[in-house]
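> Structure provided below as structure tokens; questions to follow.
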């Protein structure tokens, strides 16, 4: 048994020894065990230290290497009681024996360590072997620390560091300065960089003990740069010698180590030499140089060579590429050009791109002649021509020669120099040319250009249109800063012109192009411009064509004067040609013959005559000397001369005008009128000729009453000729012709007798009817053409995606608005012409005020407007928001169905104000709710409604014409204060009336819907997204015109019940499309969804959408799943289908606004055609039925006749079904769903009274204002207007009756009055109606709301 144990031990020892011999880790070795189980052992000096270590394999000891002579005193012995056990013994230990004692397995890292303090109070510091040098190296880096190795034999010494010189003491601060008995004294290096030496000092029992002295040596580490020489472009051929120098520049006291990396690092012929370079005294840097030399390079030596210099704390590198060629060669590079084009005056560079080693010799030749460098040409690797000219055109040859192999390569480059058009006449110095009036003139334009000009164009402009203004910059090369030049082909208002074809001529040895312009008659002064263009530029010449004429005399008024009349003689002369105008009178007797200009001798002797008094006037071109003769007499007759002197030649020019004064003569009538007898239907023509001086005025009388022109009475030639066409019996009577002047009257008379009976021939009727038909045809044709042209022009407008809401892919709105322009000259309106009135509404930071604007348009002196402005204390961002809305309104432009901008007040000195149209009837939602008791769904032929008796409606006057007018309303690029399109253009015969006094019909609802669609179509065409389309944002103006408002200004959504809180934001969830609710995506298609909700509001007469539905996450989920609102109470099947199309879950499947305009226009047209035929009627005596499967509340007959998409109930018949079906086919609408999930009604419960919380927000997102609650209570006292159309209160939230009761201007038209209101639920309202019905003994039927019927009463 004992032998087996010994064998096992031997095998284990063998395995362990083998593992140790090959360096393998032992199998699960434990750490050596020390006899003293402590990390730190403290003993006193002169005692014996003995520690035993036991393990599982061979052990060794390590002890401190201090200056203690422990090598002779330490004894390590094997234990007697163990195989792997060693004992360390040190007798009479001293302080320098302090340190770490380590027992470890041989050839492994497994060890046990104990730190032993030998307390020796006479020598508390340990002197290690490394301290013999006594040197501490530091750097001046503030982030570096240095350790002074003054170790201690006592762990808790109070140690400080002393520095010399100057002397300074450092005490540990627990932060960056500390002392550790095992490590030493740690301190930032910069704190002792000044010192020459340092030492540690400790106090024990009031005695000081010092460590050895340490010399402080400050060393540097910064390397400024590493430079390789040569740095780049190193090329060699096989066998040549490579020498690379690497220079490192450092600060002083730095040691550098160089390290090279290159392809053949084991090259046998390489040699490295490192040395320090001498630096000048006083220099603050040091240089080190390392040279790499390779003798006889080979192809394998090609590659990247990197030199790295390191100071220990910093390393920098630099690299270069060495290319080794097999042999010398030369060749041209692939990018060498063969053709170079340049323009005169440019700097031309033709590089010689080559590949070769060594660099070749380069020679340049032009057309075979060697080129030498001079002040204009530099011939080298790059041929440079400083200012190229025409003579530099030619072939340039470059020849490359290898200096070793003498190989040659050549390449030819063709240089073509272009010349921009130069007009020869432009260099001539000539004054402004004057040309005689009425003469034929020829203007010439001679052009030299390479290549010849593509074309030469002539332009012109009137001289006065191009007058220099002080603000215009005028230069010598462009003395006429004209802008609006016109082609000579359009000489309207100018001289008649003929342009000859261009001709080519050899002039001064150059091929030039000559263009001539022939002015057939010089009538007006103008500027003519000749413009020539070729591929490199253009040239132009402006010719001043000043037309002058001699002095002219004109008479004002332009007729011979009569005695006692005033007359003026005007002498007009060109002010640039003539001066010193003077009037003379030759004598009372006229010249024997009439002459226009006096002979020169006579003109020279006029100084002997008396000068006449006259007044001088001047304009931009002429001087006018005016001589006035007041109350002319016969003595004023004679020849009058105007003298003018030529400014240049001082030659006199005299023109004469003979003045004749006529004698006054009383009126007389030549001939007499004769009595006439004429049959009915014929025509009468008579003449009455009168003479006299002054000429008399002729008037006609019938039976002593003034005869005026009528449809059958025509007066011509100054009333001298009277024509009566198709005479009637009443044309019979006494006709008088009377001629009167200041000298009296003369008259003649005649009696006209009319015979025959009063009748109209068939021919006349046919002619009248035919003429009317032809006129109407041409009128309709003209309207179609104009509308087509407008539509084509409108389509060409290109605008960015900026408006009320921007496309998310575009720039943010504020950035876009910063880029939008504001033209103050077009839109600025003076504040002093604006009279502010009562407030219309207030918002979070904005308010809207009614005001009177004086002179804001051309149609009226004063106009009522709405002024948007900020409240006091508005911030800069709020100011920018209002300015952004102003710029957006300018960008959108003018449209009939949009609240249009009229002006703005933006200048400093007052508040920022935006002036828009005023809509007196407020918003559409409030208006529809106010008209519920006056709603009549059908029309009769009655002219007016009879209030309190019959609810019948009349078709509005000329609906078709109004529809066409509204449909054709286009955007106008409004500039300045837009002149409001007069609504009289839309309805000329419809007088203004208060809309609140009229009854509301189904036609009105369709018309409102059509107009909103038309306005949104316009906004969509302007790339605008409204984002908040609702009835509260639709304003009602006069004559039933609706306008879209709310362009993003200061809506007080925190107090608006239509805005539901979602997170930290309030959103109008009831009007928002699913993609907007869930993905925050706003598009034109999301506006179409909102338009569908707006239709529901209109056809429910202002009810709030989703009545009785709690607006929460469940509502949003059901909406996304396809649940929709049931049909409103006053709709038709077609309109409800349109709503469902707008609510399609897929945005791309919803109709566009253009399709909606077409569809609603067809419905409106069909409604208009029912006059006298069929009428759009909703059931009166029958109740509204509910289809069980669809959930739709549609007015229909008791027997449903709906099949698929078609409604055949005659009550809903439309004449224009073809147009409707076409819309259904062309649009994206799908078939009518068999079943539509709808939100359920509110169940009947006990009335519940709730108090609105502070934020005015209920679960449904609606509140009921106090004033509207009173209105609701008053409404419960009224009987229903008619049975079939009474809204089912189980399907309409009572709170919606008064939601958002504002004046209509949503953008800031909000009230800040937020009194706490009481909310009455729909159940309470329904119970009130039932209670009233019971109390009044009404025959109303009380039906369950879930049975598909509604509460109804007999019609009034």
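Each Cβ is built from the backbone N, Cα and C atoms, and glycine gets one as well.
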> Swiss-Prot tags one of 511, 1256 as N-linked glycosylation site; which one?
511
> Among 137, 396, 1175, find the residue to which Swiss-Prot assigns the annotation phosphotyrosine.
1175
> Given the candidates 631, 923, specify the residue that Swiss-Prot annotates with N-linked glycosylation site.
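Among 631, 923, the one Swiss-Prot marks as N-linked glycosylation site is 631.
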> Which residue does Swiss-Prot record as phosphotyrosine, given the choices 951, 1130, 1136?
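Swiss-Prot annotates phosphotyrosine at 951; the rest carry no such entry.
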> Among the residue ranges 744-764, 765-785, 786-806, I'd like the one that Swiss-Prot describes as transmembrane segment.
765-785
> Given 1184-1228, 1274-1318, which one carries Swiss-Prot's region 'Disordered' label?
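Of 1184-1228, 1274-1318, Swiss-Prot gives region 'Disordered' for 1274-1318.
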> By CA-CA distance, flag whichever of 158, 631, 1238 among the recorded positions is nearest to residue 66 (N-linked glycosylation site).
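Smallest Cα separation from residue 66 (N-linked glycosylation site) among 158, 631, 1238: 158.
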> Whose Cβ, among the recorded positions 96, 158, 523, 619, 1238, has more other Cβ atoms within 10 Å than any of the rest?
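It comes out as 96.
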> Across all chains shown, how many C-beta atoms besides its own are within 10 angstroms of the C-beta of residue 66 (N-linked glycosylation site)?
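If we count other Cβ atoms within 10 Å of residue 66 (N-linked glycosylation site), we arrive at 21.
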> Could you say which of the glycosylation sites 245, 318, 395, 675 has its Cβ with the most other Cβ atoms inside 10 Å?
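Result of the Cβ crowding comparison: 318.
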> Restricting to the glycosylation sites 158, 245, 318, 619, 675, 721, which ones have a CA within 10 Å of the CA of residue 631 (N-linked glycosylation site)?
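None, since no candidate lies within 10 Å.
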> With the cut-off set at 10 Å between Cβ atoms, which of these glycosylation sites ends up with the most neighbours? Options: 46, 631, 721.
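Of the glycosylation sites 46, 631, 721, the most buried by Cβ count within 10 Å is 721.
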> Which one is it: of the recorded positions 158, 318, 619, 721, 1238, whose Cα lies the shortest distance from the Cα of residue 523 (N-linked glycosylation site)?
619
> Taking Cα atoms as reference points, rank the glycosylation sites 46, 96, 245, 619 by distance from residue 158 (N-linked glycosylation site) and give the first.
96
> Nearest to residue 619 (N-linked glycosylation site) in three-dimensional space, by Cα, is which of the recorded positions 96, 318, 395, 721, 1238?
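It is 721, whose Cα lies nearest.
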> Spatially speaking, which of the recorded positions 318, 395, 675, 721, 1238 is closest to residue 46 (N-linked glycosylation site)? Use C-alpha to C-alpha, please.
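It is 318, whose Cα lies nearest.
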> According to DSSP, which kind of secondary structure is residue 245 (N-linked glycosylation site) found in, if we only use helix, strand and coil?
strand
> Please report how many Å separate the Cα atom of residue 96 (N-linked glycosylation site) from that of residue 318 (N-linked glycosylation site), as a whole number.
50
> Taking DSSP three-state, what's residue 158 (N-linked glycosylation site) in: helix, strand or coil?
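Where residue 158 (N-linked glycosylation site) sits, the three-state DSSP reduction gives coil.
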